[in-house]
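J.: Dropping the structure in here first, questions after.
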Ligand SMILES: Nc1ncnc2c1ncn2[C@@H]1O[C@H](COP(=O)(O)OP(=O)(O)OP(=O)(O)O)[C@@H](O)[C@H]1O
Ligand SMILES: [Mg+2]
């Protein structure tokens, strides 16, 4: 009886999972399928391409436009992620471990930044960056990305830091470590899962951003992939760029998948087990 | 190796709690000192101040003659063993033990040698390449000790290092700690609230209550000559019996009968503001079955009859519990001690009396038995201040002393 219900429950949950996964993946697969179709069969409405072609991929890698954008995207997202995670880790550590005046204010303000509608900041930022000469440069995108990624980083990381036993840091200090050494050699390795989780989230945020990228860039110097995609045209004005856009969309998904897979292996739970008690 | 001096050291937390008040303590080089007291009395706070993990609010701390109030833990050259062990989970046992040495920038060769040496002393050699998660509680405890000893620090601080172990392992580790300390001869401050650890491990015991030191001395001295009611009740297991005693011309009226008093105690009771009521304290082993004692001994004590509640035969002797009628002793200290012990074993109207009688005593549960107790071993306490009135120049001299 009990076994029967569990199998039934399993089947039910399994079905539900399949529905959710299919629902989420169909558009992605559709795009992948489109990217392999020839221009003639593009609109045939078939899920499975009748004629396979790699032309779309050749097209995008032939244009300097896309490759430049890919380089920009990777560079900007990586640098912004690195800085946001390092700064976020230090802030989160202070918030979770120290009692300092203005702590509540700091947390409140960072929450405020996260809630602030980005659209309303776009035009002022545009003006500011033009004045400062940051417009259409890498730092011009990295800076706003860091600003908006930091609250996220601080929140996720302080949750992780709070789980690390306080005694470990005291022990490190007694063993002769400075505050900095205690953090680098004992706390940070234990917070690694948190650091990687945060890095993934921040990277995805930077990688997918369209709003800042479209307003704060004008040329290939700093234009990122999501924006470059929107500028895609065919070889001639009359050619349909859909196939190329789809190919590009598939290509830019790959770094994210790699990034997540790479860091996910490091997110092992139970890293602190054995630290305290028995 | 060094001596540690606490000179009127106090700790006030930002929220206004005074956890430690005016502690004076001189710990000699190589000495093993135990801090003991009920939960929340400031033991850990005191230890953390010596370690440098808590700031000192006022007073001075000197290690090897040097004021260290403002020194960071790493500059004090002290090792600490935590109750939680606090092993670094991302490092193997070897790396855990090598950590302080690597921070001290020793060369690889001597690090290896020192770690191997410490591992041998603590029988950790086969475990050196394991992670803490794969160790038993006792093994983790030994690794924590190992990490403390590899560096040969000026002093060891230990905060209830054995309290997470099961009873058998605790006894075993107790001897390990004791042997290690003797071998190394390193000044050690050890916090516990375990009676047995306090009595057996240290050269001297410091009893704390509410952030203040109550008495400092070798365990036996605290046991025999407690300065006040709190110390008397805290040290000893089963603990001292306390009875209400009313002062009436020339003697004390107690549940055990009228107790005569000598000149020395009487002089203290003469003053106008002298207490009219006292608390009489007597340890279980100072009772004996009246049928078993010779006349010579009999003269030094008094006898009373009481119904036997429970007999616990321990083989070597018998713990016998009596109920005696009469008013119950009451004082703030006694309530605190009862709360800390977590037991209000005072049920019913009378007071419960614990005695330790000879194994030969034919005492049986339910009967009424005649019991003798030793007047020379009685302590009398002032219930308002807790002071031991029978104490003269640090020695307890019983109720009859002249
Ligand atoms: N950070 C803090 N802020 C305020 N009060 C504190 C703080 N840390 C400890 N205290 C208080 O100081 C007192 C002493 O604490 P401490 O930890 O030294 O007790 P303890 O003797 O070690 O007790 P236990 O046997 O339970 O470990 C307690 O009343 C505690 O509530
Ligand atoms: Mg404590």
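Cβ coordinates come from backbone N, Cα and C, glycine included.
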J.: Could you check which of A:44-68, A:69-93 is flagged in TrEMBL as transmembrane segment?
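T.: Residues A:69-93 are the ones TrEMBL records as transmembrane segment.
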J.: Cβ under 8 Å, sequence separation of at least 6 from the ends of the transmembrane segment (A:182-205): give me the contacting residues as numbers and ranges.
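T.: Answer is 77-78, 80-81, 84-85, 88-89, 93, 145, 148-149, 152-153, 156-157, 159-161, 164, 168-169, 171-173, 256, 259-260, 263-264, 266-269, 271-272, 275.
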J.: Which stretch, A:12-32, A:105-126, A:138-161, A:242-263, tops the Cβ pairs under 8 Å count with the transmembrane segment (A:69-93)?
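T.: By Cβ pairs under 8 Å, A:138-161 leads among A:12-32, A:105-126, A:138-161, A:242-263.
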J.: For the transmembrane segment (A:242-263), give me same-chain residues lying six or more residues beyond its boundaries with a C-beta closer than 8 angstroms to one of its C-beta atoms, as numbers and ranges.
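T.: Those are 28, 31-32, 34-35, 37-39, 42, 55-57, 59-60, 66, 70, 73-74, 196-197, 199-200, 203-204, 207, 225-226, 228-229, 232, 234, in sequence order.
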